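Novice: Would you mind keeping the following structure in view while I ask a few things?
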Amino acid sequence: LSSMPMPGSSSVRLAHLLVPTLCCAILLCADASVHDYAGERFAGLGNAFVLNGGSEGVYASPAADSFIRFQKVAFKRTPESAAAAEKDGNRTVTITAVVFEAADRGAVGGSDVVAAGARALCCTPDMAKRGACTEGSLVYRAPNSAVAAGWPKVLAASFLPGALEAVFPDETVAVARTGMYSLRFVHCDASLDVAAEGKTIWKNSRGYGYLPGRMAPLLAFYGVMSLAFVALAAFWFLRYARFWREVVPLQNFVTVVIALGMVEVTTWYLDLAEFSESGVRPAGTTFWAATSGAVRRTVSRVLVLLVAKGYGVVRPTLGGGASAGARVAGLGAAFFAASEALEVSEHVGAVSDHDHAPTRRLFLVLTVAALDAVFICWIFSALSRTISKLKARRMAAKVETYRRLATSLTIAVAVSLGWIAFEVHFKSTDGYQSERWRVAWVIPAVWQLISFALLCAVCLVWAPSHDSARLACSDEGGDGGDGDDGDDVEDGARPLMLRTGPLSYVENWACYVTQDAKIILRTDSGVYAKAGEEDKRV
């Protein structure tokens, strides 16, 4: 690990690459609302052309107040498409909207297999000959389940000869069964070039308002997390106020992380609360929630890395000159850019429970994971060197503090790896979320809990106390050499008279003489040097 190349200019270049991606994500996701259609076009799927109208988990109730409502949904075709239909005998072209529950997805489409192994959604000539359907129309049937009677719900809008617009009626589809519902617009005409406009409004029951089913439990979760952060902040600031004279700079950085965490969870709560109430996801609030989360994660990782390298505890600087700070700053900038791009693309404007851009998300997830791995390797490598250096100096109190920090980080990394494995299994074995969507909110919730638990551990280890000052760096006059491999020579001394008398008040101490006849005394509270008649603490 000690020979592992640290990120320098490559991290900065990666950050420059990800910033345009972030900007594009912001522009693409802004001003989104409840399944708003603004020029979306159909994509080929098997022998049909499909537009995803939305996918949400819907909680039903006996009051029947859950619904999917069509509001001014229309499709406009190009004059060229209208001319092609006219040449074909002024045939009527139909667009079909089908709403189905994920468990009944097999009821949409026929049994025939067409191109690329996909099931036929449009009636083929062979199916028409068997009398199973009308050629060129969407194939669907009633599910075999009695509880799904009347489903899937099918609506249609047709282009009359010469018309450029087909309009769906403003109809409300009542949802009386809890499940993951999907809306698909389908047509079977390869010559049709059409764009969608209007919106559909999806509403939950059980007090969740307009929140999609998988997001709904997160509203209460972020409310509880806000209270948890208030309790943590109260504990920290009480200790801070009591021992403010003993506070060291690193404890100020922990205060910043706590404040960023409070802002993040509170903003997420406000975002979901407004979404639930109005049905329109506030792009501005979501953006700031995503940004505060990216900032908090970046600052947390950089802070742990600085502590692991001994900054403020073993040495007053990072060492290694400006290059050491540039490497840390470059890695932090790259991680922030990647994390921000991922959060914005995943959350800003997202009103569906299904991710319809998995390739883009996979690229960003892998980028963040790679940068996280660099952080972890660098942190544990630096921790190992710092603990070894403190042992050599016989600084027992600082060694114990760093061991607790290393233990907390090891547990957090182990739990994170286990949760990653569970998340991959969870998502790969239930692609349609037909059964597990009600507990899918636990995935992001546990990540928040892991982060919060690690922050609590850091707060307990580094809480302000009457002896906080002994954890501060005593080498106040120099940088301690290279940030990773600097030796233990006491440089940068400042004049300080040694206290005479026995060392009974010192828990651990060692004394030796260097080649230049300098007497070195190491204690828990610092390192002292005596040469001739001059006393110095370094």
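Cβ coordinates are placed from backbone N, Cα and C, and glycine is handled just like the others.
Okay, so TrEMBL annotates it like this:
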DOMAIN    217-468  domain 'GOST seven transmembrane'
SIGNAL    1-32  signal peptide
TRANSMEM  219-238  transmembrane segment
TRANSMEM  250-270  transmembrane segment
TRANSMEM  362-384  transmembrane segment
TRANSMEM  405-422  transmembrane segment
TRANSMEM  442-463  transmembrane segment
Novice: Can you work out which residues elsewhere in the same chain, 6+ from the ends of the transmembrane segment (442-463), have a Cβ less than 8 Å from its Cβ atoms?
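Specialist: Same-chain contacts beyond the ends: 218, 221, 225, 228-229, 232, 235-236, 239, 250-251, 254, 257-258, 261, 265, 297, 300, 304, 401, 404-405, 408-409, 412, 415-416, 419, 423, 426, 471.
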Novice: Find the member of 219-238, 250-270, 362-384 that has more C-beta pairs under 8 Å to the transmembrane segment (405-422) than any other listed stretch.
Specialist: 362-384
Novice: Hey, which bits of the same chain come close to the transmembrane segment (250-270), Cβ under 8 Å, at least six residues off its ends?
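Specialist: Contacts of the transmembrane segment (250-270) (Cβ under 8 Å, skipping residues fewer than 6 from its ends): 218-219, 222-223, 225-226, 229-230, 232-233, 236-237, 240, 285, 288-289, 292-293, 295-296, 299-300, 303, 306-307, 311-313, 448, 451-452, 455, 458-459, 462, 464, 468.
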